[in-house]
Number of protein chains: 2
Amino acid sequence: MSQSKLDQFKSLLKEQASYSEAIALMGWDMRTKAPKKGIEHRSEVLGVLSQKVHEIQTSEEMKSCIDELKASDLDDVMKRSVEEAEETYDKTAKIPVEEYRAYVTLQSKAESMWEEAKNQNDFDSFRPYLEELVEYNRRFADYWGYENHRYDALLHNFEPGVTVEVLDEVFPKVRKSLTALLEKVQQAPNQPDPSVLEGHFPKEKQERFSEEILSRMGYDFDAGRLDETVHPFAIGLNTNDVRVTTKYDEKDFRTAIFGTIHEGGHALYEQNIDESLAFTPLADGTSMGIHESQSLFWENFIARTEAFWENHYDLFKSYAPNSFENLPLDDFYRAINEVKPSFIRIEADELTYCLHIMVRYELEKALIGGEIEVADLPTLWNEKMKEYFGIEPPTDAEGVLQDIHWAGGAFGYFPSYALGYMYAAQFANQMQKEIDVEEHIKNGDFQPIKAWLTEHIHQYGKMKKPLEIVKDVTGEGLNPDYIVAYLTEKYQTIYKF
Amino acid sequence: MSQSKLDQFKSLLKEQASYSEAIALMGWDMRTKAPKKGIEHRSEVLGVLSQKVHEIQTSEEMKSCIDELKASDLDDVMKRSVEEAEETYDKTAKIPVEEYRAYVTLQSKAESMWEEAKNQNDFDSFRPYLEELVEYNRRFADYWGYENHRYDALLHNFEPGVTVEVLDEVFPKVRKSLTALLEKVQQAPNQPDPSVLEGHFPKEKQERFSEEILSRMGYDFDAGRLDETVHPFAIGLNTNDVRVTTKYDEKDFRTAIFGTIHEGGHALYEQNIDESLAFTPLADGTSMGIHESQSLFWENFIARTEAFWENHYDLFKSYAPNSFENLPLDDFYRAINEVKPSFIRIEADELTYCLHIMVRYELEKALIGGEIEVADLPTLWNEKMKEYFGIEPPTDAEGVLQDIHWAGGAFGYFPSYALGYMYAAQFANQMQKEIDVEEHIKNGDFQPIKAWLTEHIHQYGKMKKPLEIVKDVTGEGLNPDYIVAYLTEKYQTIYKF
């Protein structure tokens, strides 16, 4: 290996990371602050910068770096960076340039058509775009290759190592347990009363409380900030600049509190990636599923526990309307954990959430596999909702049109959400063996929890693959028993059956 | 000309403009919102993007576009774009690459050394850096070439068309008039009382008032936003996204009000550049001086007039402490126009401001010309302050170290501020001939004023050179008589002599 080749490689990575930081900042800006008239110009600028990233990733220069360096003796970070760069190169190089460009144009058109279609509850106007997107994704999967199922090639983009074979074993098992659990919950005589949570929550107070909780979680405000947005997200520009956004509903504090903690979980992951990975493609979460496990861990395994509210209820009440003063903790706790089948995924509770994902997984797997066509989707969607939830959405806007993912061509993404739940339950189970999690939560001392997550997960960024992390942390592979056990125990206590 | 060459040129310009928008957003972000721990990483990213802009500007590809296109039949926008690109290419290509890189590194080092030196009031620790910067600037000027004075080559970067010959004729004339005027003002028995302006002005109220005034000026909040910062600035990402920043001093409303209006004047310029110039190097103010003329016009010729406060005083009082209710308009008006020699340029009043500039101009001209050396600066600075203002700064921090410009290597920049005053007075004089400015101000109807500025100045961006604009608008060249006449009349009325 020539030193100059390594320098050249590092310089390409740095350039790529620099464009990516610019793109991330522009994205954050557009979703928080940017004046609306500037959006059109900004979109063109984003197009130019994304094109640059794509050019670097597929350049002859990159290819020659990869070829020379992968046969060389490198330190671990550079070794993994070369692997990552090669994977990206191969993936991208397999798609003809013209086809890729047409696809990018289609994506952006489809997203705006989807928005319109959702507003108008008009699936048919969106259908031709979705058909084209599915066609492209089928073709891309064929370019990329797969062993068993064409959908595996797409899954790989979001959760490398997880396949249809794995999901088809795990998901039905979980579904069976959850639907049985849901039935018990619904039949329980002692139902929580969510109306006790109603009140007027001034935005400023919610903002202060959100900041307070983020700080307690160990989120570093010197390396991030909290802003308001319409669709909350967390975004890492670099490990020292990881921003959280949230949304305040003055009638329902749950939106901001649990939303902020959720995004805070994502943010903690990115803030604690090892600094030695800066300016490499490894300074990022290792997969969508592991990322989601971190946000869900904080949102559910910490912030929806009784232990958490034993400590934080008084603090919360100091930010809440007077009427909360007389609300017993137990009523509050049970109300924030109400289970209720609903049409909208992002509003779902912990128990039904994974069922929403399974509806999507089964449909997109069949779509990509060519077993069903886009035109079948609305009917099949409603049938599955009926089967898993016992309810049927009155409109497509509340059904098949609700999520943006397919409009962006993101097939293979949805399973990550359910995997995130499963990983989180596995991590939580392991953590409890090593430290007294409940006691720390009760004491409001999150430092040992954050330290555990950093030590076992966060620091590695993309140095380890998702299933490698799961194995290293828990000693086993993906195992859905933990999420089922966790939910069963939790709702038995809450619903008293 | 081949169409493909023109397309190639446009594509290079678009790429350059895209990086520039990213750089501008990053700059805005760092000065308003960015978490402090992310600054170091961000600086590296900025380095990469700036390097990219530099590479495009000096690329062989750019050179070949320029060579082919400048002999071609182009529309006016492309013709001027090619000229602009050629000027940049020539300027940059004349500096050896290694020398340029070393200079960029020096600049950033010098800026942090300057900050330290200013805090410590220690000129000597900054001296070696300033010496190097001067050395580079002397050499650059020699690379670029000049006819009469080496300093002309630097002036050209900020105010093309203006030379030492021009300034040496204009500045002493103005200085003589202003020092005479200052003497009269100081001797006037009837002095304004600035203590009447004291009070507590809650930040939120200042913010609302600032927004109200910006809206009235015609600043488009759908194409911009107002944020808080430490050193206020306006920045154009593109003509549909031009952001204003300001600073709130709860003890002194003048900081935010006049500061916001000043930056608002800059912002109106950039918001009203013709959209056809988007993604060309012409979508920018034509020079520092013309830019400053716009901010100063709004700050002084509008917002410091009696007519303005006749209309806005009641509105202002509704945002101000109760004590203002009994303060007569005339006392208020005279107080906000108090003249007082001071050490700090950015705190100077309209009358003494240009004198501050002349101190700097004379020193930097002599420095670049090799007539004095860096070590002479502190003494010479204080001597000139004594001569022009009758006061001497007690420390270098309040003297030669006060401004960042030289630490950034920006020699030739300072004169633009004084030129801005002169241009503004010339424009104001011409505008008054065409529309009844005072009447419009009195009515709080700024639309005709904004329209006049857009028609005669803003829309052109860099399509016209600064002195071309002055000539087209006023029918004559740079003429300092107008600023002198304006200030004389103004202060005669206020100081009643």
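Positions of Cβ are set from backbone N, Cα and C atoms, glycine also.
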Site co-member for Zn(2+) according to TrEMBL, given A:His262, A:His266, out of A:Glu250, A:Glu275, A:Glu292: A:Glu292
Around the Cβ of A:Glu292 (Zn(2+) binding site), the count of other Cβ atoms that are within 10 Å: 24
Packing count at A:His262 (Zn(2+) binding site) (other Cβ atoms within 10 Å of its Cβ): 23
Neighbour tally for A:His266 (Zn(2+) binding site), based on other Cβ positions within 10 Å of its Cβ: 22
Spatial neighbours, same chain, of A:Glu263 (active site, proton donor/acceptor) - Cβ under 8 Å, 6+ residues apart: A:Pro232, A:Phe233, A:Ala234, A:Val244, A:Thr245, A:Thr246, A:Ser295
Any further residue of that chain within 8 Å (Cβ to the Cβ centroid of A:His262, A:His266, A:Glu292) of the recorded Zn(2+) site: A:Ala234, A:Glu263, A:Gly265, A:His291, A:Gln294, A:Ser295, A:Leu296, A:Trp298, A:Glu299, A:Gly420
